[in-house]
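Student: Please see the structure below; I have some questions.
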Amino acid sequence: MTLYRLILTLALPVLLAATAWRRLRGRGVAQEAEQRLGLIPAQPGRPLWLHGASNGEITSARWLIEELLARDPDRPLLITCNNPSARAMVQGWALPRTTALLAPWDTPGCLRRFLARAKPRALVTIENELWPERISRTAAAGLPVIALGARLSARSARSWARFAPGLLRHMLTRLSWVSAQDESSARRLIDAGLPPDRLGPRVVLKSRLTAAAAPPAAFATPPRARCLLAASTHEGEDAVILDGFARSRDRFDLLILAPRHPQRGAMIAGLAAARGFDTRRRSEGHDPGPGTAVYVADTLGEMPLWYGICGAAFIGGSLVEKGGHTPFEPIAQDCALLHGPSTYNFAEVFAALDAAGAALPVTDAKSFAAALAGLSTEEQARMAATAHRALPPSGDEAQLIAAVHRLTA
């Protein structure tokens with residue numbers, strides 16, 4: 001833990017410089033550095049602190065947030081996240097007694113200032129947002145620390161075991177209660193040091209996601225079955241997707257390419273234009289028009305919109321070794337799924353989907369194009385319906401809510 005604290009403390013000037021640079025380039029947001037440093041306004045009423053990495057994680061927990069607010073009319077909530085887009089999204093929900101802030105950096109000083117000003121009654125952290133200093137310092141203050149939808153892939157478990165087994169054990173022993181995302185994660189967490197009596201029932205938070213609103217009227221998009229989404233792509237995937245799409249124009253008219261990191265938008269637009277596609281970028285204020293072939297959705301917080309427009313979706317981070325992003329969001333939007341071979345983040349779910357014929361694995365542009373060729377309107381509908389049936393049970397939500405309420409009362 002000492003070495004971790006030293007490394008993060010030494011990294012703080014770099015983090016501050018990066019924040020200042022974003023501000024100078026017009027990409028920063030108000031109070032970003034202050035909130036990251038823990039310099040937040042004093043929070044009244046000892047709020048429940050809930051943290052999720054980004055839009056997807058926070059959205060998956062919205063039903064839980066609303067349940068907790070309804071159960072205790074006097075309970076304030078403090079929601080933190082890692083990017084301004086998620087913060088703005090929560091603020092846009094306009095929930096009662098709810099404050100949204102950027103999460104403090106994981107250093108002793110930032111956490112000390114944050115806890116002194118927030119005075120939370122407990123911390124609820126979503127999915128794999130397990131930060132050693134945050135968990136250690138919160139637990140040391142005598143506050144419950146709850147992890148919901150906790151995920152530990154086989155690859156992550158090997159990395160922790162190789163480089164910092166003691167740090168992971170230190171962190172896990174300070175968790176008060178854990179609901180794992182899947183049975184494999186639950187076993188790995190216990191093997192890594194989580195006391196078995198702190199493991200609660202498994203609940204899949206994202207199973208409660210619902211369909212998005214209709215797209216804006218200004219969007220001149222083809223019928224849903226003619227639109228393809230590549231969601232949360234990483235470097236090394238875009239060219240494969242563009243080449244596969246180029247071979248499938250008789251099946252799909254529009255490709256919406258939404259990179260995981262929006263700053264790659266210009267590069268992706270260049271790849272598309274070099275292949276002769278009529279290309280537009282969301283970040284430049286353009287809407288997809290009648291002749292648009294590739295629409296680069298290089299913004300944050302709009303993924304539900306893209307899922308709603310498209311009848312088929314490729315899950316990014318799966319053609320490269322990133323483990324694949326969530327399949328739950330496109331399933332909630334009734335999309336037919338395609339994915340690459342790297343799915344360790346959601347291994348059990350993808351295995352169930354593949355076995356049921358509810359998802360199509362691809363490896364390169366050729367197999368991608370072949371998979372797209374078979375995605376008729378009827379096949380997209382069949383796959384979407386099958387995916388809902390193939391998902392593992394979401395778990396006992398009532399038990400989870402009761403446990404969180406009991407531990408944070």
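FYI, residue positions are counted from 1 along the chain as it appears here.
Placement of Cβ uses the backbone N, Cα and C atoms for every residue, glycine included.
Copying in the features that TrEMBL gives for the protein in this structure:
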- GLU57: active site, proton acceptor (ACT_SITE)
- 33-199: domain '3-deoxy-D-manno-octulosonic-acid transferase N-terminal' (DOMAIN)
- GLU127: site 'Transition state stabilizer' (SITE)
- LYS206: site 'Transition state stabilizer' (SITE)
Student: State the Cα to Cα distance, in Å, between GLU57 (active site, proton acceptor) and GLU127 (site 'Transition state stabilizer'), rounded to an integer.
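Tutor: Their Cα atoms are separated by 7 Å.
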Student: Distance between LYS206 (site 'Transition state stabilizer') and GLU127 (site 'Transition state stabilizer') at the Cα atoms, whole Å?
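Tutor: The separation of the Cα atoms works out to 10 Å.
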Student: Once near-sequence residues are set aside, which residues in the chain of GLU127 (site 'Transition state stabilizer'), 6 or more away, have Cβ atoms under 8 Å from its Cβ?
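Tutor: Long-range Cβ contacts: GLY52, ALA53, GLU57, SER60, LEU148, GLY149, ALA150, ARG151, GLN181, LEU205.
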Student: Could you tally the C-beta atoms, other than its own, that fall within 10 angstroms of the C-beta of the residue listed as 'active site, proton acceptor'?
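Tutor: Result for the residue listed as 'active site, proton acceptor': 23 neighbouring Cβ atoms inside 10 Å.
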Student: Reduce the DSSP letter at GLU127 (site 'Transition state stabilizer') to three states and note it down.
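Tutor: Going by the DSSP assignment, GLU127 (site 'Transition state stabilizer') belongs to neither helix nor strand, so it counts as coil.
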Student: What is the pLDDT of the domain '3-deoxy-D-manno-octulosonic-acid transferase N-terminal' (33-199) when averaged and given as a whole number?
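Tutor: Across the residues of the domain '3-deoxy-D-manno-octulosonic-acid transferase N-terminal' (33-199) the model's pLDDT averages 95 on the 0 to 100 scale.
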